[in-house]
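Engineer: The transmembrane segment feature in TrEMBL is assigned to B:36-55, B:67-88, B:95-118, B:124-146, B:153-172, B:192-213, B:243-263, B:275-292, B:299-317, B:323-340.
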Amino acid sequence: MTSAEQTVPLLEVRNLSKHFGAVRALSDFSMVVRPGEVVALAGDNGAGKTTLIKAISGVYHPTAGEILLRGQPVAFATPQEARDKGIETIYQDLALADNLTIGGNIFLGREPMRKAFGFLPVLDRKAMAAAAKETMSRLDFHVSRLEAPVSNFSGGQRQAVAIGRAVYWDAQILIMDEPTAALGVPEQRKVISLIHQLKAQGRGVIFISHNLQDIFAVSDRIVVLRRGVQAGERKISETNHDEVVKLMVGG
Amino acid sequence: MTSTSPAQQAEKHVAPQADHSDAARSWVRRIAEGRAWLFLAGLIICFEAWSRFAFGTTFVLNPFNVQSIAIFAVAPLLLATGQTFVIISGGIDLSLGFIMGLAAVVAAHATNMAGAAIPLPLAMLAGILAAVIVAGVPGVINGLLISRLRVPPFIGTLGMFGVARGAAFLLAGGTTVPVQNSWFALLGNGRLYGVPYLVIITAVFVIVMHYLLGQTRFGQHNYAIGANVQAARRAGIDIKDHILRLYVLSAMCAGLGGALYAARFTAGAAQAGEPLLLDSVAAVVIGGASLFGGSGTILGTVAGALVIAVIQYGLVFVNVEPFWQFIAVGVVIIISVLIDQAQRRFSGARQDD
């Protein structure tokens, strides 16, 4: 059994910078994410967290620096390219179509088709429902209502659907932007348990949150950003709330 | 580092539970979803009772009445079919009425011109084809305005309403254009085993559109765009391309409506679709679609169009002043929207517990 430190990192960011004109949103930033590791990204508003994840997920093109996927340098022209390489971003506002089923959401944009009567192409709803059921059970989420639109589900369940979509398409790195922000406390705990599932499956998770309690409940390491630079990196087991807050606000 | 702590293992037991279906809730939903068909059944029963009581004769069992209602429903239904797609996507197409008029005039002119050169049945087909293709032009412009230039659908298609109206009247020379083609007249007024050709064509067309909306990626993406454009975009759907095709589709539905109008009256008139635009929106809304987008079905729209046709024809049949039609259709629209909202509140769009 090798320790996580010795395996090839899933994702490595080396000396990444992103400038918008004279504004240095991100300067010379480095971090790694290993398989089965949850890395929390903390920092005040405007610290550069969003810039960083947009650079990783292909929305922004970095001004300088490198992104390596399993040791190979990559450059993404579009978010679609990043997704094809296994980097999935789960947005705060969920990005689900409320009127579609779980299967419909998982397969949105790449729906499976079958031939009815041997010639007429139709949506393969059965395949979608079966894949939805299988995927959600991998997340320990057992659904009986595969025909219901996701608007019928609670916030935590919908978050699970968004994560399920990433898992189905075999995302290796999930970037989760404030996944617990809009949820009640019991639902937050469900999402935290989902992140544990992802970790157990060997995926890498970048977890952005303002909630230190959540960060300490789920992360292995925490990387703190302040004004576009890395202000510190700690193992969760070796730090505490006070130290993290100090890193975030400086002082 | 990969082992989980006891605290983490305890967390696993709080995994999300699936929602439990609630019988009462699903019944309310089913009734609300099928409300257009319930309206239709209620209306038919009312008119039947009224007719028997007042005149001692049947309303719905008279094949002539059924035929007339079906013919009545053809044009608004064709407009409403395209409108259903547009409304589900969260837009609206106000230009359909005059696109239909434009298409009717084009169908008349094209059939006449082609009739001078080629056999009459071919000329008829050429006329219909020309009408549908010409109707696609304002559809392309609508689609480009809305998808590329971000003009709100309401304003963009309102502008096109005026443009198509002017173009149709100019093309018609301010009058109606008679069609000299016996095949075309037969198409508009003939019957197969008692069923008018117009009704058969419309039924086939509606089935194709039902398939397009319910069973294809285009339809699925249409629902997704209506519910959450951002989600659709992030899922890799080409929104601009979809919106463009959407408005071309709806304009071509109106084009077919115009061609069939010209066949039925053996004349093309620019104002053919003028009173039908609002009927088309009403049919979609009565049929269960939300003007906020994301919901609606073609079958619902069929029921909605039939509700309007039954009210219009039925009130004339029982000899009520025609102006009551407007009031009756208006009341049905309002009740329909109220049921929809009550259903949403009762079902609870979502419960964050």
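Cβ coordinates come from backbone N, Cα and C, glycine included.
These figures come from a predicted structure and were not determined experimentally.
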Engineer: At an 8 Å Cβ cut-off, counting only pairs 6 or more apart in sequence, do the transmembrane segment (B:323-340) and the transmembrane segment (B:124-146) clear the bar of 3 or more pairs?
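Structural biologist: They do not touch: fewer than three Cβ pairs between the two stretches lie under 8 Å.
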Engineer: When only pairs 6 or more apart in sequence are counted, do the transmembrane segment (B:243-263) and the transmembrane segment (B:299-317) reach 3 or more Cβ pairs under 8 Å?
Structural biologist: no
Engineer: For the transmembrane segment (B:67-88), which partner among B:124-146, B:153-172, B:275-292, B:299-317 gives the most CB pairs under 8 Å?
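Structural biologist: The listed stretch sharing the most Cβ pairs with the transmembrane segment (B:67-88) is B:275-292.
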